[in-house]
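Quick look at what Swiss-Prot annotates:
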type     : residues                               : note
ACT_SITE : His76                                  : active site, proton acceptor
BINDING  : His205                                 : heme b binding site
BINDING  : Ser206, Asp223, Thr225, Gln228, Asp230 : Ca(2+) 2 binding site
DISULFID : Cys31-Cys44                            : disulfide bond
DISULFID : Cys43-Cys314                           : disulfide bond
DISULFID : Cys63-Cys149                           : disulfide bond
DISULFID : Cys278-Cys344                          : disulfide bond
CARBOHYD : Asn286                                 : N-linked glycosylation site
Amino acid sequence: MAFKQLLAALSVALTLQVTQAAPNLDKRVACPDGVHTASNAACCAWFPVLDDIQQNLFHGGQCGAEAHEALRMVFHDSIAISPKLQSQGKFGGGGADGSIITFSSIETTYHPNIGLDEVVAIQKPFIAKHGVTRGDFIAFAGAVGVSNCPGAPQMQFFLGRPEATQAAPDGLVPEPFHTIDQVLARMLDAGGFDEIETVWLLSAHSIAAANDVDPTISGLPFDSTPGQFDSQFFVETQLRGTAFPGKTGIQGTVMSPLKGEMRLQTDHLFARDSRTACEWQSFVNNQTKLQEDFQFIFTALSTLGHDMNAMTDCSEVIPAPKPVNFGPSFFPAGKTHADIEQACASTPFPTLITAPGPSASVARIPPPPSPN
């Protein structure tokens, strides 16, 4: 599995960092800006990119719609790779190669990429200004965006994605109306990800919202704390659904437990499938596990299609994540353990407190402004 290969590569890299720690400190290079130093001169170019996007893309380092969409871009660009197609003599996509921007006139017309044309338009000027590759920028912006969310792990960034040469084929990005079997088959083909690692990837929905799933309403979060990288998503997806936040009958959605909150059909199914339910539940009130697993799987995702041994580790450019500023997981006001649809057969659902007060609607997240 690609997952196992990455683990081995990271283990070797960590060993080398430990054994060579003192020499590396002496070999740091001074960056041209006169402010920063780096372990590799190639990383210096990314400090100005960081300053620029933190101020002008993420509005001073906020965990808002732009951060959510930057993370979405990483998934939709990276997962578009198929060794299965390659084995049939067809082009299977380049993975994390920036093709969703390079060939945006093609790939943003694919159904699962609806709405990403606006994100592409927002990100393109930054790429042109700094002269970096599209694939590297997507991965970098995604890592920085996540780091702006309290509770996020220390994100990693590896440099060295060449420009895409072809548009990725259609049909490689999972959709919310797909079955569990369809999603798992796609994830296994793309990166050797199994059902457990797929759950790790879905942790991204802790800081996500839907802008285009329901065309009648945008900015619908998938949990009640979209500005925090926490485990609340894994609590609320196990609550019994009671109503749709907007229009009923939207393909790929099911009833959610809270007003203003959207629940994707795939999230609902993963929380209840016997292959994934226990891993899903394991994140509840386990911030350390959430951070460690997402840090790892983001790196695996954002390097799909590339040899990590040929890439440069520039993780030092990614800022330290904002610290946890929230308490343990909880039941939203008006909800209790009785509202949980228990699916993990081997482990009881954790004991949680219920938030005080009357039940309230989850606030919408304003979408990113349209580019000029």
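Heads up, the Cβ atoms here are built off N, Cα and C, so glycines get one too.
In sequence order, the recorded positions near Cys44 (disulfide bond) (Cα within 10 Å of its Cα) are Cys314, drawn from His76, Ser206, Asp223, Gln228, Cys314, Cys344. For the Ca(2+) 2 site, the Cβ centre of Ser206, Asp223, Thr225, Gln228, Asp230 serves as reference, and the other residues of the chain with Cβ at most 8 Å from it are Gly151, Ile207, Ser224, Pro226, Gly227, Phe229, Ser231, Gln232, Phe233, Phe326. Nearest neighbour of Cys314 (disulfide bond) by Cα distance, taken over the recorded positions Cys31, His76, His205, Asp223: Cys31. In this view, Cys44 (disulfide bond) is surrounded by 18 other Cβ atoms within 10 Å of its Cβ, with every protein chain counted. Looking at Ser206, Asn286, the recorded positions in this record, the fewest other C-beta atoms within 10 angstroms of the C-beta turn up around Asn286.
Taking a C-beta cut-off of under 8 angstroms and a sequence separation of 6 or more, Cys344 (disulfide bond) has the following same-chain neighbours: Ala277, Cys278, Trp280, Gln281. Taking Thr225 (Ca(2+) 2 binding site) as the reference point, none of the disulfide-bonded residues Cys31, Cys43, Cys63 has a C-alpha atom within 10 Å of its C-alpha. Residue density at His76 (active site, proton acceptor): 22 other Cβ atoms are found within 10 A of its Cβ, drawing on all protein chains shown. Here is what falls inside 10 Å of the CA of Cys149 (disulfide bond) among the binding-site residues His205, Asp223, Gln228: Gln228. In the three-state DSSP reading, Asp223 (Ca(2+) 2 binding site) counts as coil. The C-beta environment of Cys63 (disulfide bond), restricted to residues of the same chain at least 6 apart in sequence and closer than 8 Å, consists of Gly145, Asn148, Cys149, Pro150, Ile207, Gly227, Gln228, Phe229, Lys322.
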